[in-house]
């Protein structure tokens, strides 16, 4: 081989070597890139899975609200040493700092949070705000904390995601107890972060009313020791009685009051703060040399940082025609205390003798006080009357920079710099000439809200392209909502009826409401759907009815019918906005007031060819979610919620309008849940189970408020609250009845003995003096609820088990239903049968009976799968049988329903979906069993035609917006 060939061979080998190296490096680089992409995708997936958890936006600490450097050094050092102290059983887990309003607790909390955030040791900070309780509340505290910690520790995030994955009801639970267990304790097991993790909770006293924060306080006080030993909680609050009691006598909680801080040290800190704020105001030193002006302010502050802070801001104020020296003189001569300071600040800005000025002040501040959430200086003018000057809000609040935040920033909500200022304004004894009566401002806000909706609501407001997907799957929907639905329009849609209901009836408002129903009702539902607030629609409609009091028939008929529309189609409306038109409007009954008015405006929606109801069926909604038989259900007193107990051992609380699970599934019972009931005030739930226990739950959070009530040797068949909610009665399989104290869980009466078989039903009379019981021994007994004596009975007459008993509202009658297929009404004093036996109507056992509120009607449910309503005076059937719990079928000819509704179409959770899971339409509950499918050759039934869909003019998918004329 020649030298040339050798050289060529060498080059070839070298090129091959380089090629291999390049390929290997490319493969390695590709692998690294793919790995990074997969890691990013995994992180994105985790964040997406956690996206539905309740999170309080804006609740984080504010570095600008912390302590001035050089102040509060002793207490900050004490807290820092406590956070960094070695882990151990003797170390307190909670540092509870309490003090009166204005003593500087929050500044310390913000400073500590900022300090440990810089050290990457802040797990979470959460600042409650009385003015923003809608967004910052006990029910989203722990979920917010967990999400914040997940950003600090990846293992925590992964565990949290695995805990909630595939369980949307858990993801959105409002139960503080369940949140603590699932969102805090479970992820804590996977925590890898070494060293202290600090959680700061500021202003606990502003979280909610005492009853609403009780469970949170209990969970924190009792559950804190179950967390890893490196967790520390700093909590600040005013010394409210319930908070002090919750945090007392616990070895894991260290308590410190602001008044224990050395007075000299406190004054020195206030002096340092005052000097830092006013050192540039040279006229003060000229007037009072050697910093005498500073000592004057310290003495007047009474040791309150808030007094000093407010005074300093006001002294630097350039508006109002007073020199800084004159302002200071007036402040120190006004006397000690925040109230005196507030009056002086207001006096310097607004002359109480000037009627025009004071009228404007009360008008603007009244609106700020009554809005349900804090609004910005740019939003407030939109909610004012048309004839108000455009700059009125700015004109008033710009003089209150020492008392309010957001006065110089157009898009920042206006808030009191300290909660005590709003308390002061609404107390005439404290604020005197500057008292603001909030009541008079509701009418203006009602009319302004209606005007805003008239101008802002429109069809397809967010430009949704397709009807085939749920709102949650629309790309960038949150951004679209923020752009299309301005803050004032959002506020108007959600809160207008809150102002209406406290406004006197008048013709102007009535005209606007009539116009609203005639022109914008469906567009309003659009906004609620997009903002995830469909659950407020029914409440608003019932508030309108309450305000109208049936004075105007048109408004009453619209409001009642719209409430039924929301009740029947709540799931569809809340899940996919286009289906307000494509499903709800199209499938509403023929004589629906809303459908009659709006259907001509939307000609290209689905039109059931056959099977459309003429009127709203008695069954307007079917709620699904339990995995076994539902054994017991009950409405709350305000009808906003439904509770259910099931053989699947769980309890659920449902929104009665949307069908969404709002609490639960509540777990704890180890056998079938046989009976559930709400307390009269709706705050508690009682449940009885075949596991031989009774449990009491908080109906807002789902937390267990009492340890399981035990003592019986057989399953609990029936439970009920007394009218005042203080007692619970239970019937058992051991033939006995017990009465319990609902607060302590103690047995206060019983066991009451007399029945010779299972006690199947128990109930209190309205006045709480008597208890009625029905038994498998075929008898009924009435007991004195104080002594336990039998005052009536045994009442005999039924020939089979007594399944259900109840008192009338006036307590004069008792109703009973039996397995003998009859119903009887008894005189509660004599025991005589006054009506019945009502027989020959139900063809199977009578499972449940109840009186209407006015006592004129009786409702019964039976094993024959029907419900009947009876006249309680005559025993005549006045309504029924109401059917829908079977699967009745009908007969109809076949037909071609088009490509979208074919053999691949199926019904999932009320939705007709195609093979690609696209949403075609929502089928109301009363049409599902009779739905005529293309693949069906013959359908035979006894009483109703099938639901046959006419799709010839139906526009959907990317053409859905063409449904409007």
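Cβ coordinates come from backbone N, Cα and C, glycine included.
The feature domain 'Nephrocystin 3-like N-terminal' is assigned by TrEMBL to 75-238.
Annotation source TrEMBL lists repeat 'WD' at 623-664 (among others). DSSP states for the repeat 'WD' (623-664), grouped as helix (H, G, I), strand (E, B) and coil, give 0 helix, 21 strand, 21 coil.
Annotation source TrEMBL lists repeat 'WD' at 666-707 (among others). If you look at the repeat 'WD' (666-707), the same-chain residues 6 or more away from its ends with a CB under 8 A from one of its CBs are 138-139, 173-178, 211-212, 215, 218-219, 631-638, 641, 643-647, 649-653, 713-721, 723-725, 728, 730, 732, 740, 742-745.
Long-range Cβ contacts of the repeat 'WD' (709-750) within its own chain (Cβ-Cβ under 8 Å, at least 6 residues beyond either end) map to 671-672, 674-681, 683-684, 686-696, 756-764, 766-768, 771, 773, 775, 783, 785-786, 788. As annotated by TrEMBL, repeat 'WD' applies to 709-750 (among others).
Taken from TrEMBL, the feature repeat 'WD' covers 752-793 (among others). For the repeat 'WD' (752-793), the number of residues in each DSSP class (helix H, G, I; strand E, B; coil) is 0 helix, 22 strand, 20 coil.
Within the chain carrying the repeat 'WD' (795-836), a Cβ under 8 angstroms from the stretch's Cβ atoms is held by residues 757, 760-767, 769-770, 772-776, 778-782, 842-851, 853-855, 858, 860, 862, 870, 872-875, all 6 or more beyond its ends. Per TrEMBL, the feature repeat 'WD' maps to 795-836 (among others).
Look at TrEMBL and you will find 842-880 (among others) tagged as repeat 'WD'.
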Could you give me three numbers for the repeat 'WD' (795-836), the DSSP helix, strand and coil residue counts? 0 helix, 22 strand, 20 coil
When the pLDDT values for the repeat 'WD' (752-793) are averaged, what is the result? 89
Tell me the residue counts in helix, strand and coil for the repeat 'WD' (709-750), as DSSP assigns them. 0 helix, 22 strand, 20 coil
Which numbers of helix, strand and coil residues does DSSP report for the repeat 'WD' (666-707)? 0 helix, 19 strand, 23 coil
